[in-house]
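S.K.: What Swiss-Prot records for this protein is below:
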DOMAIN    11-193  domain 'tr-type G'
BINDING   ASP23, HIS24, GLY25, LYS26, SER27, THR28, ASN140, LYS141, ILE142, ASP143  GTP binding site
Amino acid sequence: MDNEQRLKRRENIRNFSIIAHIDHGKSTLADRILENTKSVETRDMQDQLLDSMDLERERGITIKLNAVRLKYEAKDGNTYTFHLIDTPGHVDFTYEVSRSLAACEGAILVVDAAQGIEAQTLANVYLALDNELELLPVINKIDLPAAEPERVKQEIEDMIGLDQDDVVLASAKSNIGIEEILEKIVEVVPAPDGDPEAPLKALIFDSEYDPYRGVISSIRIVDGVVKAGDKIRMMATGKEFEVTEVGINTPKQLPVDELTVGDVGYIIASIKNVDDSRVGDTITLASRPASEPLQGYKKMNPMVYCGLFPIDNKNYNDLREALEKLQLNDASLEFEPESSQALGFGYRTGFLGMLHMEIIQERIEREFGIELIATAPSVIYQCILRDGSEVTVDNPAQMPDRDKIDKIFEPYVRATMMVPNDYVGAVMELCQRKRGQFINMDYLDDIRVNIVYELPLAEVVFDFFDQLKSNTKGYASFDYEFIENKESNLVKMDILLNGDKVDALSFIVHRDFAYERGKALVEKLKTLIPRQQFEVPVQAAIGQKIVARTNIKSMGKNVLAKCYGGDISRKRKLLEKQKAGKAKMKAVGNIEIPQDAFLAVLKMDDE
C-alpha cells in the first residue's frame, strides 16, 4: 500500500470507546454494535462478547479493556473502519479507562434512562475531556418502565454541557437506535491525524502474555507504518526486537500485512520478558527512531496494600510468576517479597482498591491454581520520626515504636456522592462516622444531591461503598480521588494470641476508636479461632498497654471417663497429669489461624 492509499484509508477510520457508569449497559451496547456491523457470525454471538474472562461474565462487569475492529457501510456509500475499545466502569479500574481513551478520538457516553448521570459517569467524562475526545451522548434503556429520557436529556445538557439535540435515544437490549449511533460515529468522531511517512510512533495501551508466542501488545499507530520483519525499539527501555507478526482483532486475532496511521491492532515480536513491553510505552523503528515518545498516561499508584501468602509454602515461586503475568497487562499492580512469622513467605501487594484486590486474588486462585491467604488491607502512612527522618509504612507490622514517632500522616481523598434527597441525612451520618470533613453540597434537581466530603482513604477502602449503598437502598453513586496526606492521631494495635504477637493481625487505627475496635476484634477472634486443648488468651495492645482481653476456652477432654467408682486419689492423679500436659502444650502450642480471622480486622464496623 502506498502513502496515498494510506492517507485515503486514514480518512475512513474512526477510533472510539464506550464510557459509562457501572451497569448502564456498555457491554450490551458493544454487543449490538458488533452484531449490526456483521462483525460476528450469529452463531458465535453471545452476551458480553468482549468480556473474555469468566470472572467478568460471572460478575457481569468489565475488568479488562478490549479492542476490536469493525467494518461499517454507512449511508453515504463509504465503508468505514471502526476500532471499538471497550472499557470498565468501576472506580478501581479508572486506569484501564484512561488507557483506552488515549488510543481514541471519540467516546460514546452511555447514560441509563432511569438512573440518569451518576458520579462515575462524570469522572469518565472529565477523563475524556482531558484527552480532548469528541463525545457522543446516548441514553440507553429507554424501553424500561422507569425510563425518563427527557429528564436525562436535560441533565446531560445542564451537567455536561452537551446539546440535547445531539443525544441519541437507544435500547441496546431491544436493538433500538443502534443504526443511528453508527451513523453518528461517522459524523461526530474525527478521523485520526498522523503522517504515514513520519518515523513510526505506536502507543502500547495493553499487553498480555502468551506462553507460546511471548508478549502480545495492543497498539495504536499514531505515525508511520509497521510490518512483520521490522526491527522495533521500545522508547522507555531502549531494547530492540524483531516483529514476527502484526494483526487486528476482529474479536479473533487476524494477522495482516501492515499496520498504518490510525490503526489499532496487536504486535508480536518474540518478547519474552514481561518488563520489556510496558503499557504506556512508545514503539518506534530501530533504523529510523522517533525523536520523542508519545504522551503516555499518568501512572496510577496503588492505594491499598495487603499481604498475599500461599497456603502451601512450596508455591512461593509460582505466586511470583502469577503476579508477574498479571502485572503485564495490569500496570497498576505492584508487589515485593514479605515474610511473616505467622504465615511464612509471601508478597506485599499494592492495588487500586478493594474490588481490584478481590479480582486479582480470584484470578490467581483460578488461573494459576494457587490457594492464598490474604491479610487485612492497609493504606500508605508517612511517619516523621523524632530524629527528623521520614518512613513510609504500607504494612502495620513495620510501624516504628510510638515513642520514636513525631507525626503520622495518612492519605485523604475527596469523595463525591450523588444521592437521592431522602437519604442525605443517612449519608452525612455515615461520613461523620468515618471521620469525614464536609466540603460542599449541591442540589442538582429536585430529586438528587451531590455531596462532597474529604475522608481518610483508610475508612473508604474497606466497606464504605457497601455501607453507602445499604444506607441509600442502592441509589447512591460514588467516586473518589486522592488529594493529600494529612496529619492524624493514629496508633498501631497489636493482637496477641497466647502472649505472642501475630504480625499479620496488626492494624492502624485512630486513637479515639482504638478501645472499641480492640474490644470488638478480640471478641470476634474468640468466635473465629478454633478451640484448642488449652485455654488461649486473646489480647489487643497498644505498645505495652493491653486495652482488651478475652479467653478462648479449652476443649475439655474427660480423662475420668474410664474411672468407674474407685479411689479419689486415682482420679486426682489423672487430673494432675492432664493439667501438667496442658501447661506443657500451652508453652509450645501452635495455634492455627483461619483466613476469616485475618478478614475480621476489616469487618469491625459492621458490628
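Glycine too: its Cβ is placed from the backbone N, Cα and C atoms.
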S.K.: Here the binding-site residues are SER27, ASN140; which one has the lowest number of other Cβ atoms no more than 10 Å from its Cβ?
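M.R.: Relative to the other binding-site residues in SER27, ASN140, SER27 has the fewest Cβ atoms within 10 Å.
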S.K.: Which one, from the binding-site residues GLY25, ILE142, has the smallest tally of other C-beta atoms lying within 10 Å of its C-beta?
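M.R.: Looking at the binding-site residues GLY25, ILE142, the Cβ with the fewest others within 10 Å is that of ILE142.
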S.K.: Near the Cβ of ASP23 (GTP binding site), how many other Cβ atoms are there if near means within 10 Å?
M.R.: 16
S.K.: How big is the GTP site in terms of the longest C-alpha to C-alpha distance among ASP23, HIS24, GLY25, LYS26, SER27, THR28, ASN140, LYS141, ILE142, ASP143, in angstrom?
M.R.: 17
S.K.: Using DSSP with the three-state reduction, classify SER27 (GTP binding site) as helix, strand or coil.
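M.R.: Helix, per DSSP.
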